[in-house]
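Take a look at the structure set out below.
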Amino acid sequence: MIKAVYPGSFDPVTNGHIDIIQRGAKIYDEVIVLVAENISKTPLFSLEERLDMLRHSLKDIPNVKIDHFSGLLVDYLKKIDVKIIIRGLRAVSDFEYEFQQALTNKKLYPECETVFLVSDLKYTFLSSSMVKEIAKFGGCIKGLVPDYVAEKLYEKFKVK
């Protein structure tokens, strides 16, 4: 059984994330969506809220599990004996950062490999930050995030 980990803050999960997860789930026997607990920026949603939105959004993909971690990704990978990291690339600008991350992870855990999946063209502009900004001002986020996530965003920003 080949497992892969797709790490991120998922603050919140977007349809772009879900596209990468669905595609990863077609390639690997199991995809573990891993929510970072100790991200450098303060998240809008708590860890429990992010996990809840992921559970709702990914419930129809049978070979996807959701977990969370605090600390180095490679330590988590070693703990569960997984050697594959999935990362999505929206644009060339993502590549430089992701390439550095992949090399660092490889240095810390030589057995691990990072697999890059290029975003679907319709999601290349999409980011969690952009979605939060639109929702904050009451803009339409239909098609950018699952409906459940949109509800949670509007609730958080008290938008009717």
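Any Cβ shown, glycine's included, is placed from N, Cα and C.
Among the candidates Lys41, Lys106, Lys107, Lys122, the one that Swiss-Prot lists alongside Ser9, Leu73, Arg87 as binding substrate is Lys41.
Ranked by Cα separation from Glu98 (ATP binding site), the binding-site residues Ser9, Lys41, Leu73, Arg87 are led by Arg87. Thr124 (ATP binding site) sits 14 Å from Arg87 (substrate binding site), taking the Cα positions as reference. The most crowded of the binding-site residues listed here (His17, Arg87) is His17, judged by how many other CB atoms sit within 10 Å of its own CB.
Candidate binding-site residues: Ser9, Thr124, Ser128. Fewest other C-beta atoms within 10 angstroms, Thr124. A C-beta separation below 8 Å, combined with a sequence spacing of at least six in one chain, links Lys41 (substrate binding site) to Ser9.
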